[in-house]
Each structure stands twice: as structure tokens, then as C-alpha cells.
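> Sharing the record's features from TrEMBL:
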DOMAIN    A:64-338  domain 'Gcp-like'
BINDING   A:HIS146, A:HIS150, A:TYR167, A:ASP332  divalent metal cation binding site
BINDING   A:TYR167, A:VAL168, A:SER169, A:GLY170, A:GLY171, A:ASP199, A:GLY214, A:GLU218, A:ASN304  substrate binding site
Amino acid sequence: MVTATDAPCRAFGNLPLPHPPLHRIPSTALGITYVLGIEGSANKIGIGVLQYDPSEETYLIRANPRKTYVAPTGHGFLPKQTAYHHQQHVVPLIRAALNEAGITLQQIAAICFTQGPGMGAPLQSCVIAARTLSLLFDIPLMGVNHCVGHIEMGRIACQATNPVVLYVSGGNTQVIAYSNQRYRIFGETIDIAVGNCLDRFARVLHLSNDPSPGYNIEQAAKRAGKHFLELPYTVKGMDVSFSGILTQVEQYAKAISSSSDFTADDLCFSLQETIFAMLVEITERAMALTQQSQVLIVGGVGCNRRLQDMMQQMCHERGATLCAMDHRYCIDNGAMIAQAGILQLQYGGNTTPLEDSVCTQRYRTDQVLTVWREP
Amino acid sequence: MTRTESEAFTVNSDWELVSQGAEAKLWKIPAGSLFDVPCIAKERFSKAYRHPALDEKLTKQRCRAESRILTKCMEKGIPVPRVLRTDAPVLYLEYIDAPTVREYLESDLLLALTNTAQNASQHDKLQQLALAFGQMVAALHNMGIVHGDLTTSNAMIRLPEMTLVAIDFGLAKNTTSTEERAVDLYVLERALSSTHPKLPDDFWTLLLTSYRAAAEKAEATLSRLEQVQIRGRKRECFG
Ligand SMILES: Nc1ncnc2c1ncn2[C@@H]1O[C@H](COP(=O)(O)OP(=O)(O)O)[C@@H](O)[C@H]1O
Ligand SMILES: [Mg+2]
């Protein structure tokens with residue numbers, strides 16, 4: 001297992017940095033570039049301050065505070081309430097991040113914000129904050145694809161040059177591999193996302209959303225008596241489907257009674273065993289196809305220990321390595337948006353003019369031209 | 001002789017490992033060793049990460065599904081390797097002396113072509129390949145078979161006549177569902193664009209045209225394919 005590091009990180013596997021720098025660096029000591037990252041595409045709002053130090057050629061997270069909107073038990077998070085949550089927290093979080101980093105907005109070279117994919121209203125709340133700062137302090141904007149943020153933070157933190165990426169969250173389930181300046185989607189869900197499947201099942205069982213429904217399913221699975229109930233297993237090539245599993249497991253849940261020979265915990269266990277086996281299988285298939293030997297799991301579901309363990313076992317059997325789970329790229333945060341944004345900035349990618357700074361709910365990973373990587 | 005996972009299965013020293021994929025190892029066995037023709041042994045190995053009950057079910061089920069569907073294809077005249085013996089989780093198949101479509105596409109010849117699309121004869125070959133691929137998928141679908149893992153690695157190409165031999169039926173099934181056929185095509189479309197990003201756009205168009213001409217329920221399948229594609233693009237994605 002490759003462990004992630006919190007220390008200053010060098011980038012590996014990118015093109016050489018343009019020299020002298022292509023972007024404007026506000027007068028900072030030693031020519032250090034600072035960028036701000038604003039993330040709010042789902043139920044978390046996070047602000048990151050990231051620096052690039054040219055003398056050491058390293059990237060370092062200087063601050064990365066975040067707040068999570070937790071929906072009441074039995075409910076998912078809705079756009080309106082989530083947007084309201086983000087609006088309340090965005091300004092105090094920016095202040096806190098700048099304070100912690102010990103810098104001022106005048107020193108920031110770009111404001112990186114999540115342009116998509118995500119939920120409309122929460123995304124908009126953040127983009128409005130980004131635009132306001134941009135106009136007030138005359139700082140360029142840099143729109144970032146959320147998933148590319150996860151990937152770039154993972155690559156840097158784990159020094160993984162060219163991993164196969166499993167992106168698993170509430171809204172996404174994708175197997176991604178790099179080729180020819182794009183992160184290409186090799187496999188994905190053909191219906192609902194894995195996190196969505198877990199969240200919805202947690203609601204059926206009335207599990208709490210605190211800290212997250214997936215976490216509570218994981219705890220329930222650990223308590224189970226290893227009674228494995230068979231569920232549909234649907235893999236098509238490198239694509240997966242979860243809707244049939246959800247229907248089946250919901251029916252089992254309704255059948256729970258004092259006389260049934262399985263418990264809610266057994267269902268959580270069986271659900272995890274089945275859907276994680278599917279995810280590991282399609283990841284392995286993508287590795288065999290692309291002949292790569294590193295795996296990076298990003299997105300909230302990547303925090304699940306059982307998924308991590310299964311992936312680790314698969315990697316071990318193939319002589320591959322799994323990048324360690326790490327909060328900096330598994331859970332949504334501002335620094336990861338700053339990381340993808342600073343690469344775009346440094347390698348001469350266009351900044352985002354105000355009139356183009358609209359966010360989009362659908363923004364596919366393979367739409368981004370990764371100018372910092374070898375064609 | 002090395003012993004492998006499964007009990008009765010032993011690999012001879014004259015067997016040559018030709019492929020180790022995500023779930024199976026394949027050996028080439030010379031003529032006269034097991035059968036009087038050269039053949040392939042395909043062993044699905046067990047996965048430690050999976051729950052044992054699930055693992056046992058998947059490895060055996062897929063081996064048997066592959067054997068059953070290959071036999072059906074053979075009976076209906078669809079070009080596939082002949083099944084010589086089934087001994088789940090091991091399958092013995094006729095050896096096909098041909099490259100995979102992927103190997104063929106990645107050979108120098110066609111790589112040059114896909115960049116420029118200039119050379120007329122190479123462009124012709126690509127068109128021929130698209131037509132043949134469309135016909136192969138249509139032939140399977142007409143028999144009530146969906147392949148489940150259509151990629152350029154799972155079809156072999158006999159040269160110079162450019163006839164295709166379909167392989168790797170572990171995820172295949174017998175079904176007449178329109179949705180399943182549409183998803184089969186969707187998986188292929190995405191495999192082409194992710195594995196061969198430089199392939200010209202008209203390759204897929206041509207493949208579909210040929211599918212439309214040869215498939216019995218083409219209209220229904222292709223209009224469902226559009227829905228599956230839209231679902232893919234519109235899927236909510238956040239977090
Ligand atoms: N009958 C065969 N004759 C010759 N080569 C074969 C045959 N079947 C498979 N192969 C080769 O082995 C590779 C893997 O076989 P496949 O059945 O697709 O297994 P996997 O599940 O590992 O993809 C194929 O891409 C092809 O190169
Ligand atoms: Mg194959």
C-alpha cells in the first residue's frame with residue numbers, strides 16, 4: 001500500500017513545468033504561488049489554500065477547513081437546504097482558511113471553484129462567492145471539474161504517476177484510466193451510483209445520516225453474523241448496475257421479522273459484499289486492459305474499510321499497489337479543487353472569464369483536456 | 001508440473017501461458033498433448049477478495065455459461081472456438097490462430113491510418129472491420145444471445161479474409177430483452193471510445209448501420225440504445 005503524505009509533495013508523472021511561469025504571480029516572497037479552492041458540489045462546503053513553492057518544486061496544503069450538511073434521519077440532502085447551508089458557511093470558511101494559511105486575498109493567484117458535476121443550487125452558491133471575490137480583488141477565476149480534483153489530489157498525495165481510478169461517491173461510480181490527455185471513463189454505472197444505493201438502503205433501515213449513511217451501513221455490516229444472502233450481481237463489461245440489487249435488498253428488509261433467519265445487519269453485510277465485489281471486479285478488468293498496476297480510490301465511498309480491504313487483496317494477487325485512503329482526496333474538500341486548478345493555471349490552461357463561470361450539473365471527467373500530462 | 005488452485009487441474013510443462021486477464025488464465029496446449037489439435041485451456045481462478053459463496057458461484061457459473069453459449073453459437077453457425085471439454089472452472093477450447101481485433105487495430109499498419117485516415121486501402125479495411133463487427137453482434141442478438149462484454153479484445157480476426165470469431169462469453173446470457181441488447185451495444189460503444197480514442201468517428205456509425213441491416217429487431221434495439229445513451233449523459237452526478 002502506498003501511503004499518503006501531508007508534507008510538501010512533489011508532482012510525478014506530469015510534463016515539466018513551464019519556465020518562467022506563464023501565470024501572473026502576485027508579489028509574494030520567493031515567487032510562491034497561492035491559490036484558493038472552493039468546493040460545494042454536494043453536501044460539503046470546503047475551502048482550501050494551496051501553495052506551490054518553486055525553490056522546492058513542491059505543493060503544500062496550507063489550510064483546508066470544511067463543513068458538512070447532515071440531513072435528518074430518513075431523508076436525503078435536498079438542493080435548497082444544502083445550498084442554504086453552503087451560503088451560511090462560505091464566508092466564515094474563507095476567512096478561517098486565509099487566517100490559518102496566514103495570507104491575504106491579495107496574494108492569491110487564482111480562485112479555483114468547482115464548475116461541476118454536482119447539484120445545481122449548492123454549486124451556484126459557491127460560484128457566486130467565487131465571482132464576488134474575483135471582482136472585488138481582481139483575481140482570475142479557474143473552473144475545475146470535481147472528479148479531476150479528486151484524481152489530481154490523489155496522484156500528488158500518493159505520488160501515483162498513472163493509476164487506474166475508481167471514483168465512488170453519492171453521485172458517481174466510474175472506473176477511469178488516463179490516455180492521450182484525458183481521463184477516460186472505462187466503466188460506470190448504467191443506473192444509480194453506488195453511494196446513492198447505499199444511502200437509499202440506509203434510509204429504508206432508518207439508519208442515521210451522521211456522519212454518513214454509508215458509514216453506518218459499514219458499522220452494521222461489521223456486527224453481522226456473516227450470513228450471506230444472495231443478491232443480483234450485475235456486471236456488463238466494465239459497467240455495473242445497482243438498481244436490481246437495491247430492489248431485492250429492500251424486499252428482504254421488508255421481510256425482516258422475529259421469525260426471519262436474517263437481520264438488518266446481515267443485509268448490510270450482504271449488500272456490501274456484493275456491490276464491492278462488483279466494483280473490484282471492474283477495476284481489475286480495467287487494469288488488465290490498460291496494463292496498469294496502481295489503483296487509486298476516490299470519493300466518499302472510498303473511505304469504506306471493507307472496500308479498501310477487498311481492493312488491497314485484489315492488488316496483492318496481481319502484484320499491483322493500492323494508494324492509501326486519505327481524507328484529502330476521498331472526501332470532498334477545497335484543497336483538491338485548488339490542486340487541479342493550480343495545474344491548469346501553471347500549464348497555461350485558460351482561466352475562466354466571468355461570463356463563462358457558470359456551473360454545470362453534468363460535466364464528464366473526459367471533457368477536461370489535461371494540459372499538464374503527456375499526450 | 002505446477003499445481004494450481006483447482007484440484008484436478010494440472011498444468012503441463014509444454015503448456016504455454018498466453019494470457020492472464022482479470023479473472024482467467026489461458027494456456028496454449030500443443031497438438032497431441034491433450035487433444036489431437038492445438039487447444040486452449042481457460043481456467044477461471046478464485047478471488048480471495050470475494051465472499052466464498054459468491055466466488056464459487058461466479059467462477060463456476062461463468063465457466064458453464066461460456067461453455068453453454070459457445071456450444072449454442074457453434075450449432076447455429078456463428079464463428080466461435082469449439083468447446084472440447086468443460087470441467088468447471090476450466091474450459092478447453094479449440095485454438096484460434098488469429099490476432100484479436102485490438103491487436104490488429106494496434107498494429108503499426110492501422111495506427112498510422114487512424115491518425116491520418118488518408119490511405120484509402122487502409123480506410124477500406126477499417127470499414128470492412130466495422131461492417132463485420134456489426135454483423136457479428138447482430139448474429140448473436142438474432143440467436144437471443146447478448147455477449148455482456150463486447151470489446152475489441154473479445155473478438156479475433158482471421159486474415160486476410162477479415163472474418164471475426166467471437167470469444168469470452170463468461171458474462172453472456174440467453175435473453176430476448178431489448179434493454180439487454182441495447183446495453184450490449186452501449187458497452188461496445190464505450191469500449192471502443194475508451195480503448196481506441198483515435199478511431200475515426202464513422203467507425204461506430206458504420207458498425208451500427210451494418211447492425212441495423214442484419215439484426216432482426218434493430219429498430220427497437222437502436223431506439224432503446226438512444227435512451228440508454230441519454231440516461232448515461234443525464235445521470236445525476238455529484239459528490
Ligand atoms: N480459443 C482461443 N484461441 C486462441 N487464443 C485465444 C482463444 N481464446 C482466447 N484467446 C486469447 O486469450 C485472451 C483472453 O481470453 P478471454 O477468453 O477473452 O479471457 P479473459 O476473460 O481473460 O478476457 C484473448 O484476448 C485472446 O488473445
Ligand atoms: Mg477477454
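Numbering starts at 1 and runs along the chain as it is shown here.
Just so you know, glycine gets a Cβ as well, placed from its N, Cα and C.
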> Please report the DSSP secondary structure of A:HIS150 (divalent metal cation binding site), reduced to three states.
helix
> Within a 10 Å radius of its Cβ, which of these binding-site residues (A:SER169, A:ASN304) has the fewest neighbouring Cβ atoms?
A:ASN304
> Measuring Cα to Cα, how far is A:GLY214 (substrate binding site) from A:HIS150 (divalent metal cation binding site) in Å?
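Here the two Cα atoms lie 19 Å apart.
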> Whole-number Å distance between the CA of A:ASP332 (divalent metal cation binding site) and the CA of A:SER169 (substrate binding site)?
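A:ASP332 (divalent metal cation binding site) and A:SER169 (substrate binding site) have their Cα atoms 10 Å apart.
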> In terms of DSSP three-state secondary structure, what is the assignment for A:GLY171 (substrate binding site)?
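Note: A:GLY171 (substrate binding site) is coil by DSSP, not helix or strand.
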> Cα-Cα, whole number of Å: A:ASN304 (substrate binding site) versus A:HIS146 (divalent metal cation binding site)?
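Their Cα atoms are separated by 20 Å.
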> If proximity means a C-beta under 8 angstroms from chain B, which of A:TYR167, A:GLY214, A:ASN304, A:ASP332 count? These are the binding-site residues.
A:ASP332
> Have a look around A:HIS150 (divalent metal cation binding site) and count the other CB atoms within 10 A of its CB, chains all included.
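The Cβ of A:HIS150 (divalent metal cation binding site) has 31 Cβ neighbours within 10 Å.
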> Does DSSP give A:GLY214 (substrate binding site) helix, strand or coil?
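In three-state terms, A:GLY214 (substrate binding site) counts as helix.
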> Rounded to the nearest Å, what's the C-alpha distance separating A:GLY171 (substrate binding site) and A:HIS146 (divalent metal cation binding site)? Just drop the number here, would you?
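On Cα coordinates alone, these residues lie 12 Å apart.
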> 10 Å Cβ neighbour count around A:GLY171 (substrate binding site)?
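The Cβ of A:GLY171 (substrate binding site) has 24 Cβ neighbours within 10 Å.
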> In this predicted model, what is the average pLDDT of the domain 'Gcp-like' (A:64-338)?
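It averages 94.
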> Taking only the Cα atoms, work out how far A:HIS150 (divalent metal cation binding site) lies from A:SER169 (substrate binding site), in Å, as a whole number.
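Given the Cα positions, A:HIS150 (divalent metal cation binding site) is 11 Å from A:SER169 (substrate binding site).
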> Measuring Cα to Cα, how many angstrom lie between A:SER169 (substrate binding site) and A:HIS146 (divalent metal cation binding site)?
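Per the Cα atoms, A:SER169 (substrate binding site) and A:HIS146 (divalent metal cation binding site) stand 12 Å apart.
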